[in-house]
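Inspection log for the structure reproduced underneath, given as structure tokens.
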Amino acid sequence: PRHGHRPQEEEAAVERVLLWEKSWRPCPKARRRLQGCLAFVRRQLLRVGEDWYFLCALGVLMAMISFMTDLLVFRLFEAHRWLYQEIGDYPVLKYLSWTMYPVALAAFSTGFSQSITPHSAGSGVPELQTILTGVMLEDYLSIKNFGAKVVGLTCTLACGSTVFLGKVVSGAVMASHFAVRDYWRGFFAATCGAFMFRLLAVFNSEQETIMALFRTDLKLDFPFDLHETFFFLALGIVCGVVACAYLFCQRWLLGYVRENRFTARLLATDKPVYTVLVVLLLASITFPPSLGQFMASQLTMKEYLVSLFDNRTWGELARGAPPGGPGHLWHAWCHPSVSFFGTLAFFLLMKFWMLILATTLPLPAGYFMPIFVYGAALGRLAGETVAALFPEGITPGRPVVPGGYALAGAAAFSGAVTHSVSTALLACEATGHLAWALPITAAVLAANAVAQKWQPSFYAGTIIVKRLPYLPPIRSRHMASYRVRVEEFMSRQVLSLAKAAAFSEVLAALTAAPGATDFPVVESAESPTLVGTVSRAELVAFLQSHSDTGEKPAGTVGDDCAVEPVMLQLSPWTSLHQTHHLFELLKLQQLFVTRGGELVGTVTRAEVRQ
């Protein structure tokens, strides 16, 4: 080539860099128009006033969608129940009507949601926890994912207790650090949504006025004996132990189905087929004339809770209460050849592994309500046992209320599985019984003390299996962990640019690090004092400004690019705990390490996580 002109290899490299940059941003004219329209809408919305209006609208909109989902699910479930009852005494037809209905709905839920977006499966809480730590998952919060989840979740819920999955997910383990300003905004939106949701139930003639979601008749004059606190603590410990077993088995099975050759191939290419096989197995087991008669399989999720929270003692009802009637859902737990102790125990044994298997299904679902119901059954069994041991009450004249134990068990087990203590408040609010707050809180604390000691939470375990880029907490509190310094795990290979870097150096840096968004700028290669950072967009614009001429440009990074100062830096002697807190609180992706102002290394989330 002639003197002063760039060689052909360098021009090809420039074209590759610019093409790579544009390949991620197709249709530039359409994108600019869309950005202009969005900016115009944003300006118009800001003229309305504070964002409280939009938070209220968000809560009301979510309440309306949730209520319509419940209404549609109720119609679909009633259609299934009608079909099963009207088909007559034909065992084969009854079996087909019981199994094929949920199989078809679950298969459609999987196929439809997965065809829209692969992110629609599961509850979404592990992914949202990852997003809240500062890692943005591509297209996860898109409107198409929301639509796929709504449609898929409706079909999943219509399967009923056959699949034993729910709608509700617990947001109490969602973020360990948050701004108080954002907390009150979320609380305001949730309050508007909850009020609207309960108001719609009144408008639909489901209730006469706004009341608790699962209203019970637990006695309030003397809710529990003080001596029963010991039994509530014991119940909490049992719930914690069972939760540890559940979390371990669920995490193992979730990893196994991803590694097994047969199931991994189905989940990779034929997800609806995997769903059909699993749901067919679950539906066959819950078939009422078969094993389903020993686990009250014909009840819905809400009917499960209403029957388990019953303030009456089933032992006394079984001896003298007439059958039938809407207030006699407890009859579903009775069997001519097995007592309700046997049906409760069989329910707990079977639903333990059935629920674990259901969590592997690639369809939209909530996992909080099933474990809430499971904990309620565990608490009901404990309460009925205490009532049988003390028929007159621990203090004579003050009988034991098994429904209170069911309420405590539901809060304790769900709290242990999700590593949350706010389930105690949730249980009291959902039933409207704050008088039971003390024993429920004691059970929840005991269960959490056991579960948090031995197992990660349900959502943290899912994050581990899915290998999401989540920053885990530092579990070790040993003194040696506080002596780990940044210099022991930082990356010393730092790609930096000098202030005097010209066209060729910028091109080499962009080519060497195609995924980097910011580059550190130093004074010079001989004196690597950190000056600031320059964005990738600035460097690409620097190349573009000189790519139209054949002459080699004389500009430099320091003269032609906007160098942003670095406000936060790490020292090689900063501890791991301090670094972890900074990344967690500020949602950081990278920090530079300096010694005496000179750049010596960098720490990313990958190094901290490792």
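Just so it is clear, glycine is given a Cβ too, placed from its N, Cα and C backbone atoms.
Please treat TrEMBL annotations as automatic predictions, because they have not gone through curation.
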Where TrEMBL places transmembrane segment among the ranges 86-105, 146-165, 406-425, 446-465: 146-165
Listed stretch, out of 52-74, 146-165, 230-253, 273-291, 365-383, that has the most CB pairs under 8 angstroms to the transmembrane segment (186-203): 52-74
Helix, strand and coil totals (DSSP H, G, I; E, B; other) for the domain 'CBS' (490-549): 22 helix, 15 strand, 23 coil
Remote residues contacting the transmembrane segment (273-291) - C-beta distance under 8 A, at least 6 residues beyond either end: 91, 94-95, 98-99, 102-103, 106-107, 109-110, 159, 161-164, 263, 266-267, 297-298, 350, 354, 357-358, 360-363
Integer average pLDDT (0 to 100) for the domain 'CBS' (490-549): 82
Other parts of the chain folded back onto the transmembrane segment (365-383), taken as Cβ under 8 Å at six or more residues beyond its ends: 122-123, 153, 156, 163-170, 231, 234-235, 238-239, 242, 246, 301, 304-305, 308-309, 341, 344-345, 347-348, 351-352, 355, 358-359, 400-414, 417-418, 423, 458
